[in-house]
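Okay, so here's the structure we're looking at.
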Amino acid sequence: MEGNNLEKTLQEGNLFRQLNCLIVAHLRHHNLTQAARAVASATMTPLDVEAPPNKLLELVAKGIAVEKDETLRGVLSSTLFDLGTALGYGLNPDPRVSSVDFSAVQDTKGSSKSFPKHETRHLSEHKNIARCARFSPDGKFVATGSADTSIKLFEISKIKQMMLPDSKEGPVRPVIRTFYDHVQPINDLDFHPQSTVLISGAKDNTIKFFDFSKATAKRAFRVIQDTHNVRSVSFHPSGDFLLAGTDHSIAHLYDVNTFQCYLSANTPEIGVNGAINQVRYSSTGGMYVTASKDGAIRLWDGVSASCVRAIADAHGTAEATSACFTKDQRFVLSCGKDSAVKLWEIGTGRLVKQYLGATHTQFRCQAVFNDTEEFVLSIDEPSNEIVIWDALTADKVAKWPSNHIGAPRWIEHSPTEAAFISCGTDRSVRFWKENL
(Lines of atoms letter the chains of each structure in order from A and count residues from 1; the text may use other names and numbers.)
(Lines give C-alpha, C1' and ligand atoms only; values in the text may rest on other atoms or scores of the structure.)
Protein backbone atom coordinates (compact mmCIF):
# COMPACT_ATOMS: atom_id res chain seq x y z
CA MET A 1 0.00 0.00 0.00
CA GLU A 2 2.82 2.41 0.92
CA GLY A 3 4.56 1.56 -2.37
CA ASN A 4 1.40 2.42 -4.32
CA ASN A 5 1.04 5.73 -2.47
CA LEU A 6 4.67 6.58 -3.15
CA GLU A 7 4.31 5.76 -6.84
CA LYS A 8 1.17 7.89 -7.03
CA THR A 9 2.95 10.79 -5.32
CA LEU A 10 5.89 10.53 -7.73
CA GLN A 11 3.54 10.45 -10.74
CA GLU A 12 1.67 13.51 -9.50
CA GLY A 13 4.93 15.33 -8.86
CA ASN A 14 6.13 14.56 -12.37
CA LEU A 15 2.81 15.75 -13.81
CA PHE A 16 3.03 19.02 -11.87
CA ARG A 17 6.58 19.57 -13.14
CA GLN A 18 5.46 19.00 -16.74
CA LEU A 19 2.53 21.38 -16.27
CA ASN A 20 4.74 24.08 -14.74
CA CYS A 21 7.18 23.75 -17.64
CA LEU A 22 4.38 24.13 -20.16
CA ILE A 23 2.98 27.19 -18.37
CA VAL A 24 6.38 28.92 -18.24
CA ALA A 25 7.10 28.11 -21.91
CA HIS A 26 3.62 29.27 -22.92
CA LEU A 27 4.01 32.62 -21.17
CA ARG A 28 7.48 33.12 -22.61
CA HIS A 29 6.39 32.27 -26.17
CA HIS A 30 3.66 34.90 -25.91
CA ASN A 31 6.12 37.58 -24.74
CA LEU A 32 4.71 37.58 -21.18
CA THR A 33 8.24 37.50 -19.76
CA GLN A 34 7.44 39.02 -16.37
CA ALA A 35 4.68 36.49 -15.72
CA ALA A 36 6.94 33.66 -16.93
CA ARG A 37 9.66 34.73 -14.47
CA ALA A 38 7.15 34.87 -11.61
CA VAL A 39 5.82 31.36 -12.30
CA ALA A 40 9.33 29.98 -12.86
CA SER A 41 10.51 31.41 -9.55
CA ALA A 42 7.47 30.23 -7.59
CA THR A 43 7.63 26.68 -8.98
CA MET A 44 11.42 26.31 -9.26
CA THR A 45 11.09 25.79 -13.02
CA PRO A 46 13.90 26.84 -15.40
CA LEU A 47 12.90 30.01 -17.25
CA ASP A 48 14.47 28.75 -20.49
CA VAL A 49 12.61 25.42 -20.42
CA GLU A 50 11.85 24.20 -23.95
CA ALA A 51 8.41 23.22 -25.19
CA PRO A 52 6.74 23.41 -28.63
CA PRO A 53 4.91 26.74 -29.14
CA ASN A 54 1.29 26.56 -27.93
CA LYS A 55 1.69 22.97 -26.68
CA LEU A 56 -0.27 23.89 -23.57
CA LEU A 57 -3.13 25.35 -25.62
CA GLU A 58 -3.20 22.25 -27.83
CA LEU A 59 -3.43 19.92 -24.81
CA VAL A 60 -6.17 22.02 -23.21
CA ALA A 61 -8.14 22.08 -26.47
CA LYS A 62 -7.83 18.29 -26.78
CA GLY A 63 -8.90 17.83 -23.18
CA ILE A 64 -11.96 20.02 -23.67
CA ALA A 65 -12.85 18.08 -26.82
CA VAL A 66 -12.57 14.74 -24.98
CA GLU A 67 -14.62 16.06 -22.05
CA LYS A 68 -17.23 17.35 -24.47
CA ASP A 69 -17.32 14.01 -26.30
CA GLU A 70 -17.79 12.11 -23.04
CA THR A 71 -20.59 14.49 -22.06
CA LEU A 72 -22.33 14.05 -25.39
CA ARG A 73 -22.31 10.24 -25.41
CA GLY A 74 -25.77 8.89 -24.87
CA VAL A 75 -27.52 12.26 -25.34
CA LEU A 76 -26.95 12.90 -29.04
CA SER A 77 -30.67 13.29 -29.76
CA SER A 78 -30.75 16.52 -27.78
CA THR A 79 -27.76 18.11 -29.54
CA LEU A 80 -27.79 20.23 -32.65
CA PHE A 81 -25.45 18.01 -34.65
CA ASP A 82 -25.10 14.27 -35.00
CA LEU A 83 -21.42 13.66 -34.29
CA GLY A 84 -21.39 10.44 -36.32
CA THR A 85 -18.62 9.53 -38.74
CA ALA A 86 -20.71 9.65 -41.90
CA LEU A 87 -18.45 9.77 -44.96
CA GLY A 88 -15.51 9.13 -42.60
CA TYR A 89 -15.56 12.81 -41.63
CA GLY A 90 -13.51 14.25 -38.80
CA LEU A 91 -10.78 11.59 -38.69
CA ASN A 92 -7.87 13.91 -39.39
CA PRO A 93 -4.77 12.38 -40.98
CA ASP A 94 -1.35 13.17 -39.56
CA PRO A 95 -0.26 16.49 -41.13
CA ARG A 96 2.92 16.73 -43.14
CA VAL A 97 5.70 17.94 -40.89
CA SER A 98 6.35 21.67 -41.02
CA SER A 99 9.99 22.69 -40.86
CA VAL A 100 9.30 26.41 -40.62
CA ASP A 101 10.34 28.39 -37.55
CA PHE A 102 8.90 31.85 -38.05
CA SER A 103 10.84 33.18 -35.07
CA ALA A 104 13.91 32.96 -37.33
CA VAL A 105 12.48 35.21 -40.04
CA GLN A 106 15.37 37.69 -39.82
CA ASP A 107 18.20 35.27 -40.67
CA THR A 108 17.12 33.41 -43.77
CA LYS A 109 18.35 35.22 -46.89
CA GLY A 110 19.72 33.01 -49.63
CA SER A 111 18.03 29.81 -48.49
CA SER A 112 14.83 29.79 -50.57
CA LYS A 113 13.20 26.46 -51.31
CA SER A 114 11.78 25.31 -54.64
CA PHE A 115 8.01 24.92 -54.85
CA PRO A 116 7.19 21.48 -56.30
CA LYS A 117 5.60 21.24 -59.74
CA HIS A 118 1.82 20.73 -59.68
CA GLU A 119 -0.67 19.34 -62.15
CA THR A 120 -4.08 20.97 -62.50
CA ARG A 121 -7.53 19.90 -63.64
CA HIS A 122 -10.79 21.68 -64.35
CA LEU A 123 -13.35 20.20 -61.95
CA SER A 124 -16.65 21.93 -62.55
CA GLU A 125 -18.39 25.15 -63.44
CA HIS A 126 -20.93 27.24 -61.60
CA LYS A 127 -23.52 29.21 -63.57
CA ASN A 128 -21.94 32.47 -62.42
CA ILE A 129 -18.70 33.68 -60.80
CA ALA A 130 -17.09 31.17 -58.41
CA ARG A 131 -16.46 33.46 -55.43
CA CYS A 132 -15.02 31.35 -52.58
CA ALA A 133 -13.75 27.91 -51.53
CA ARG A 134 -12.97 26.06 -48.30
CA PHE A 135 -11.40 22.70 -47.44
CA SER A 136 -12.70 20.57 -44.59
CA PRO A 137 -10.29 20.31 -41.61
CA ASP A 138 -9.51 16.67 -42.48
CA GLY A 139 -8.74 17.60 -46.10
CA LYS A 140 -11.25 15.08 -47.47
CA PHE A 141 -13.71 17.60 -48.91
CA VAL A 142 -13.71 21.03 -50.49
CA ALA A 143 -16.69 23.30 -51.09
CA THR A 144 -17.12 26.24 -53.47
CA GLY A 145 -19.68 29.05 -53.39
CA SER A 146 -20.91 31.12 -56.30
CA ALA A 147 -22.66 34.30 -57.33
CA ASP A 148 -25.33 31.94 -58.75
CA THR A 149 -26.24 31.27 -55.05
CA SER A 150 -25.24 27.58 -55.27
CA ILE A 151 -22.69 25.60 -53.25
CA LYS A 152 -20.83 22.61 -54.68
CA LEU A 153 -19.23 19.97 -52.45
CA PHE A 154 -16.36 17.90 -53.87
CA GLU A 155 -14.81 14.72 -52.46
CA ILE A 156 -11.01 14.87 -52.75
CA SER A 157 -10.59 11.12 -53.32
CA LYS A 158 -12.92 11.35 -56.33
CA ILE A 159 -11.00 14.34 -57.69
CA LYS A 160 -7.76 12.35 -57.52
CA GLN A 161 -9.44 9.39 -59.18
CA MET A 162 -10.66 11.67 -61.96
CA MET A 163 -7.09 12.94 -62.50
CA LEU A 164 -5.67 9.46 -63.09
CA PRO A 165 -4.55 9.05 -66.72
CA ASP A 166 -6.55 5.87 -67.42
CA SER A 167 -9.40 5.39 -64.95
CA LYS A 168 -10.97 1.98 -65.65
CA GLU A 169 -14.16 2.81 -63.80
CA GLY A 170 -15.43 5.26 -66.41
CA PRO A 171 -16.21 8.95 -65.83
CA VAL A 172 -15.87 10.06 -62.21
CA ARG A 173 -18.07 12.82 -60.82
CA PRO A 174 -16.20 14.63 -58.03
CA VAL A 175 -19.22 16.80 -57.11
CA ILE A 176 -21.07 14.80 -54.46
CA ARG A 177 -23.55 17.47 -53.27
CA THR A 178 -25.03 20.69 -54.65
CA PHE A 179 -26.93 22.97 -52.28
CA TYR A 180 -29.44 25.67 -53.26
CA ASP A 181 -30.89 27.78 -50.47
CA HIS A 182 -29.55 31.32 -50.71
CA VAL A 183 -31.10 34.13 -52.73
CA GLN A 184 -27.93 36.25 -53.03
CA PRO A 185 -24.27 35.43 -53.88
CA ILE A 186 -22.23 33.26 -51.51
CA ASN A 187 -19.36 35.11 -49.77
CA ASP A 188 -17.66 32.46 -47.62
CA LEU A 189 -17.87 28.87 -46.36
CA ASP A 190 -16.63 26.80 -43.43
CA PHE A 191 -16.85 23.21 -42.18
CA HIS A 192 -17.78 22.17 -38.65
CA PRO A 193 -14.64 20.68 -37.04
CA GLN A 194 -16.32 17.42 -35.95
CA SER A 195 -19.72 17.11 -37.67
CA THR A 196 -20.75 16.73 -41.30
CA VAL A 197 -22.05 20.29 -41.36
CA LEU A 198 -21.11 23.00 -43.88
CA ILE A 199 -22.00 26.65 -43.26
CA SER A 200 -22.26 29.47 -45.77
CA GLY A 201 -22.43 33.25 -45.41
CA ALA A 202 -24.09 35.29 -48.14
CA LYS A 203 -25.20 38.71 -49.29
CA ASP A 204 -28.78 37.83 -48.26
CA ASN A 205 -27.75 38.47 -44.61
CA THR A 206 -27.97 34.77 -43.67
CA ILE A 207 -25.74 31.98 -42.42
CA LYS A 208 -27.04 28.58 -43.49
CA PHE A 209 -26.26 25.12 -42.13
CA PHE A 210 -26.15 22.14 -44.52
CA ASP A 211 -25.84 18.47 -43.49
CA PHE A 212 -23.70 16.90 -46.20
CA SER A 213 -24.02 13.37 -44.80
CA LYS A 214 -27.48 13.22 -46.42
CA ALA A 215 -27.29 12.59 -50.15
CA THR A 216 -30.73 14.03 -50.91
CA ALA A 217 -30.49 17.20 -48.85
CA LYS A 218 -30.51 20.34 -51.03
CA ARG A 219 -31.67 22.87 -48.43
CA ALA A 220 -30.29 24.15 -45.14
CA PHE A 221 -31.55 22.52 -41.95
CA ARG A 222 -30.86 25.63 -39.83
CA VAL A 223 -30.57 29.33 -40.66
CA ILE A 224 -29.16 32.33 -38.80
CA GLN A 225 -30.72 35.60 -39.92
CA ASP A 226 -28.13 38.35 -39.46
CA THR A 227 -28.74 42.08 -39.79
CA HIS A 228 -25.97 42.65 -42.33
CA ASN A 229 -24.39 41.19 -45.46
CA VAL A 230 -22.41 38.18 -44.15
CA ARG A 231 -19.00 38.52 -45.78
CA SER A 232 -17.08 35.84 -43.87
CA VAL A 233 -17.69 32.92 -41.48
CA SER A 234 -15.40 30.92 -39.19
CA PHE A 235 -16.14 28.04 -36.81
CA HIS A 236 -14.50 27.97 -33.38
CA PRO A 237 -12.29 24.83 -33.13
CA SER A 238 -14.70 23.41 -30.52
CA GLY A 239 -17.58 23.71 -32.97
CA ASP A 240 -19.73 25.41 -30.31
CA PHE A 241 -19.42 28.95 -31.69
CA LEU A 242 -19.01 30.70 -35.00
CA LEU A 243 -17.96 34.18 -36.07
CA ALA A 244 -19.59 36.21 -38.80
CA GLY A 245 -17.72 39.07 -40.42
CA THR A 246 -20.29 41.43 -41.92
CA ASP A 247 -20.79 44.96 -43.20
CA HIS A 248 -20.80 45.83 -39.49
CA SER A 249 -17.35 46.73 -38.16
CA ILE A 250 -17.50 44.24 -35.24
CA ALA A 251 -17.59 40.47 -35.79
CA HIS A 252 -20.84 38.81 -34.68
CA LEU A 253 -20.28 35.84 -32.36
CA TYR A 254 -23.00 33.16 -32.41
CA ASP A 255 -23.62 30.27 -30.04
CA VAL A 256 -24.17 27.36 -32.46
CA ASN A 257 -26.66 25.60 -30.17
CA THR A 258 -28.85 28.57 -29.21
CA PHE A 259 -28.04 30.94 -32.12
CA GLN A 260 -27.72 33.76 -29.58
CA CYS A 261 -25.59 36.60 -30.92
CA TYR A 262 -22.91 38.33 -28.85
CA LEU A 263 -21.08 41.57 -29.66
CA SER A 264 -17.87 42.76 -28.04
CA ALA A 265 -18.41 45.39 -25.35
CA ASN A 266 -14.77 46.49 -25.54
CA THR A 267 -14.18 47.75 -29.06
CA PRO A 268 -11.75 50.23 -30.56
CA GLU A 269 -12.91 53.33 -32.41
CA ILE A 270 -13.67 52.15 -35.95
CA GLY A 271 -14.74 54.47 -38.76
CA VAL A 272 -17.62 54.13 -41.19
CA ASN A 273 -15.58 52.01 -43.62
CA GLY A 274 -14.85 49.21 -41.16
CA ALA A 275 -16.80 46.39 -42.86
CA ILE A 276 -15.06 43.03 -42.37
CA ASN A 277 -13.78 41.24 -45.47
CA GLN A 278 -12.55 38.20 -43.59
CA VAL A 279 -12.60 36.73 -40.07
CA ARG A 280 -10.61 33.67 -38.99
CA TYR A 281 -10.09 31.86 -35.68
CA SER A 282 -6.65 30.73 -34.57
CA SER A 283 -5.98 26.98 -34.34
CA THR A 284 -7.02 26.79 -30.67
CA GLY A 285 -9.69 29.50 -30.72
CA GLY A 286 -7.73 31.63 -28.27
CA MET A 287 -7.77 34.53 -30.74
CA TYR A 288 -9.41 35.62 -33.94
CA VAL A 289 -8.39 38.12 -36.61
CA THR A 290 -10.37 40.45 -38.85
CA ALA A 291 -9.33 42.03 -42.15
CA SER A 292 -11.38 45.14 -42.91
CA LYS A 293 -12.22 47.47 -45.77
CA ASP A 294 -10.54 50.34 -43.90
CA GLY A 295 -7.17 48.61 -44.41
CA ALA A 296 -6.81 47.47 -40.80
CA ILE A 297 -5.94 44.08 -39.33
CA ARG A 298 -7.40 43.63 -35.84
CA LEU A 299 -6.64 40.88 -33.33
CA TRP A 300 -9.30 39.86 -30.82
CA ASP A 301 -9.32 37.77 -27.64
CA GLY A 302 -11.25 34.57 -28.35
CA VAL A 303 -12.85 34.49 -24.89
CA SER A 304 -13.58 38.13 -24.00
CA ALA A 305 -14.01 39.26 -27.65
CA SER A 306 -12.03 42.40 -26.81
CA CYS A 307 -9.64 43.89 -29.37
CA VAL A 308 -6.11 43.19 -28.14
CA ARG A 309 -4.23 44.76 -31.05
CA ALA A 310 -5.21 46.94 -34.00
CA ILE A 311 -2.80 47.42 -36.90
CA ALA A 312 -4.64 50.44 -38.25
CA ASP A 313 -2.82 50.99 -41.55
CA ALA A 314 -1.77 47.43 -42.29
CA HIS A 315 -2.54 48.00 -45.96
CA GLY A 316 -2.60 51.80 -46.01
CA THR A 317 -5.88 53.18 -47.32
CA ALA A 318 -6.50 50.06 -49.43
CA GLU A 319 -8.80 47.26 -48.25
CA ALA A 320 -7.36 44.41 -46.20
CA THR A 321 -8.88 41.42 -47.98
CA SER A 322 -7.67 38.38 -46.04
CA ALA A 323 -5.93 37.41 -42.80
CA CYS A 324 -4.99 34.08 -41.22
CA PHE A 325 -2.85 32.81 -38.34
CA THR A 326 0.23 30.67 -38.48
CA LYS A 327 -0.23 27.31 -36.78
CA ASP A 328 1.73 28.46 -33.72
CA GLN A 329 -0.50 31.56 -33.42
CA ARG A 330 2.48 33.90 -33.20
CA PHE A 331 2.07 35.53 -36.63
CA VAL A 332 -0.70 36.65 -38.99
CA LEU A 333 -0.51 36.62 -42.78
CA SER A 334 -2.53 39.40 -44.43
CA CYS A 335 -3.35 40.46 -47.97
CA GLY A 336 -4.68 43.77 -49.30
CA LYS A 337 -5.71 45.69 -52.38
CA ASP A 338 -2.41 47.58 -52.09
CA SER A 339 -0.87 44.53 -53.83
CA ALA A 340 0.99 43.58 -50.67
CA VAL A 341 1.08 40.35 -48.69
CA LYS A 342 2.48 40.83 -45.18
CA LEU A 343 3.48 38.78 -42.15
CA TRP A 344 2.88 40.39 -38.75
CA GLU A 345 4.17 39.42 -35.32
CA ILE A 346 1.18 39.23 -33.00
CA GLY A 347 3.02 39.98 -29.76
CA THR A 348 4.40 43.30 -30.98
CA GLY A 349 2.34 44.21 -34.06
CA ARG A 350 5.63 44.41 -35.95
CA LEU A 351 5.81 43.83 -39.71
CA VAL A 352 8.37 41.04 -40.19
CA LYS A 353 7.97 40.09 -43.87
CA GLN A 354 6.54 41.47 -47.11
CA TYR A 355 5.81 39.26 -50.09
CA LEU A 356 5.93 41.55 -53.11
CA GLY A 357 5.60 41.13 -56.86
CA ALA A 358 1.92 40.25 -57.29
CA THR A 359 -0.64 42.91 -58.23
CA HIS A 360 -4.13 42.56 -56.75
CA THR A 361 -6.21 45.71 -56.60
CA GLN A 362 -9.58 44.62 -57.96
CA PHE A 363 -10.87 41.46 -56.25
CA ARG A 364 -11.14 40.27 -52.64
CA CYS A 365 -7.85 38.43 -53.09
CA GLN A 366 -6.54 35.73 -50.73
CA ALA A 367 -3.02 35.06 -49.56
CA VAL A 368 -2.60 31.61 -48.01
CA PHE A 369 0.10 29.33 -46.66
CA ASN A 370 0.62 25.88 -48.08
CA ASP A 371 -0.04 23.07 -45.60
CA THR A 372 3.49 23.07 -44.16
CA GLU A 373 3.71 26.90 -44.03
CA GLU A 374 6.91 26.78 -46.09
CA PHE A 375 5.31 28.76 -48.92
CA VAL A 376 2.83 31.61 -49.45
CA LEU A 377 0.44 31.65 -52.43
CA SER A 378 -1.51 34.52 -53.93
CA ILE A 379 -2.68 35.89 -57.30
CA ASP A 380 -1.32 38.37 -59.83
CA GLU A 381 -4.41 39.83 -61.52
CA PRO A 382 -2.85 41.55 -64.59
CA SER A 383 -0.85 38.49 -65.69
CA ASN A 384 -3.52 35.98 -64.54
CA GLU A 385 -0.90 34.00 -62.64
CA ILE A 386 -0.60 32.22 -59.31
CA VAL A 387 2.43 33.54 -57.44
CA ILE A 388 4.37 31.55 -54.84
CA TRP A 389 6.93 32.87 -52.34
CA ASP A 390 9.24 31.14 -49.92
CA ALA A 391 7.58 31.98 -46.60
CA LEU A 392 10.84 32.60 -44.70
CA THR A 393 12.96 34.43 -47.27
CA ALA A 394 10.01 36.22 -48.98
CA ASP A 395 11.67 35.42 -52.33
CA LYS A 396 9.34 34.77 -55.23
CA VAL A 397 10.00 31.15 -56.25
CA ALA A 398 7.30 30.46 -58.86
CA LYS A 399 4.71 32.08 -61.14
CA TRP A 400 2.25 29.78 -62.89
CA PRO A 401 -0.49 30.51 -65.44
CA SER A 402 -3.78 30.10 -63.59
CA ASN A 403 -5.48 28.37 -66.56
CA HIS A 404 -8.56 30.48 -65.79
CA ILE A 405 -10.07 32.93 -68.27
CA GLY A 406 -9.40 36.08 -66.29
CA ALA A 407 -7.67 36.16 -62.93
CA PRO A 408 -8.91 33.81 -60.18
CA ARG A 409 -11.09 35.33 -57.47
CA TRP A 410 -10.05 32.95 -54.72
CA ILE A 411 -7.28 30.51 -53.82
CA GLU A 412 -7.46 28.02 -50.94
CA HIS A 413 -4.85 25.44 -49.89
CA SER A 414 -5.52 22.03 -48.40
CA PRO A 415 -4.66 21.82 -44.67
CA THR A 416 -3.31 18.27 -45.01
CA GLU A 417 -1.46 17.85 -48.32
CA ALA A 418 0.19 19.56 -51.29
CA ALA A 419 -3.01 20.56 -53.08
CA PHE A 420 -5.07 23.72 -53.59
CA ILE A 421 -8.20 25.08 -55.27
CA SER A 422 -8.59 28.13 -57.49
CA CYS A 423 -11.88 29.58 -58.71
CA GLY A 424 -12.82 32.68 -60.59
CA THR A 425 -14.74 35.02 -62.82
CA ASP A 426 -14.84 32.39 -65.58
CA ARG A 427 -17.15 30.38 -63.24
CA SER A 428 -14.72 27.46 -63.18
CA VAL A 429 -13.17 25.52 -60.30
CA ARG A 430 -9.67 24.06 -60.69
CA PHE A 431 -7.81 21.58 -58.49
CA TRP A 432 -4.02 21.62 -58.22
CA LYS A 433 -1.89 18.87 -56.71
CA GLU A 434 1.82 18.13 -56.50
CA ASN A 435 3.25 15.91 -59.20
CA LEU A 436 4.39 12.68 -57.60
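Using N, Cα and C of the backbone, Cβ positions are placed for all residues, glycine too.
Taken from TrEMBL as is:
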REPEAT    123-164  repeat 'WD'
REPEAT    179-220  repeat 'WD'
REPEAT    269-310  repeat 'WD'
REPEAT    325-354  repeat 'WD'
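Contact count against the repeat 'WD' (269-310) (Cβ pairs under 8 Å) is highest for 325-354, out of 123-164, 179-220, 325-354. Non-local neighbours of the repeat 'WD' (325-354) in the same chain are 29-31, 53-54, 57, 98, 102-103, 105-106, 280-284, 286-287, 289, 291, 295, 297, 299, 309, 311, 314-316, 318-319, 360-362, 365-369, 373, 376, 378, 389, 391, 394; each lies 6+ residues outside the stretch with a CB under 8 Å from one of its CB atoms. For the repeat 'WD' (269-310), the DSSP counts in helix, strand and coil order read 0 helix, 21 strand, 21 coil. DSSP labels the residues of the repeat 'WD' (123-164) in these numbers: 7 helix, 21 strand, 14 coil. Here the repeat 'WD' (179-220) has, by DSSP, the following mix of helix, strand and coil residues: 0 helix, 20 strand, 22 coil. Model confidence over the repeat 'WD' (179-220) stands at 93, taken as the mean pLDDT rounded to a whole number.
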